[in-house]
Amino acid sequence: MAPLHHILVLCVGFLTTATAEAPQEHDPFTYDYQSLRIGGLIIAGILFILGILIVLSRRCRCKFNQQQRTGEPDEEEGTFRSSIRRLSTRRR
């Protein structure tokens, strides 16, 4: 019975060493999602406040509706404006 007892102790010893935590290597695919979430919320909050400040400052105007003035009005612009005036006076 002694050899069976030794084999049983040897098997239990192997199992404990196999299940013991080995030194873990750094896994490059393990991320800290809590700090990533907090950082994202901080950046989103800063961008939101910056957007509100830009809208309230009224410095950002629509550029597509403003034309560069060269000094002389375009001929087409003058005829277009006059045609609009003519149409608006007819409706009254």
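Using the three backbone atoms N, Cα and C, a Cβ is placed for every residue, glycine included.
Listed in Swiss-Prot:
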{"type": "SIGNAL", "residues": "1-20", "note": "signal peptide"}
{"type": "TOPO_DOM", "residues": "21-35", "note": "topological domain 'Extracellular'"}
{"type": "TRANSMEM", "residues": "36-56", "note": "transmembrane segment"}
{"type": "TOPO_DOM", "residues": "57-92", "note": "topological domain 'Cytoplasmic'"}
{"type": "LIPID", "residues": "Cys60", "note": "S-palmitoyl cysteine"}
{"type": "LIPID", "residues": "Cys62", "note": "S-palmitoyl cysteine"}
{"type": "REGION", "residues": "65-92", "note": "region 'Disordered'"}
{"type": "MOD_RES", "residues": "Thr79", "note": "phosphothreonine"}
{"type": "MOD_RES", "residues": "Ser82", "note": "phosphoserine"}
{"type": "MOD_RES", "residues": "Ser83", "note": "phosphoserine"}
{"type": "MOD_RES", "residues": "Ser88", "note": "phosphoserine"}
{"type": "MOD_RES", "residues": "Thr89", "note": "phosphothreonine"}
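Under 8 Å, Cβ to Cβ, and six or more positions away along its own chain, Ser82 (phosphoserine) finds no residue. In the predicted model, the topological domain 'Extracellular' (21-35) has a mean pLDDT of 78. Look at the topological domain 'Extracellular' (21-35): DSSP puts its residues at 3 helix, 0 strand, 12 coil.
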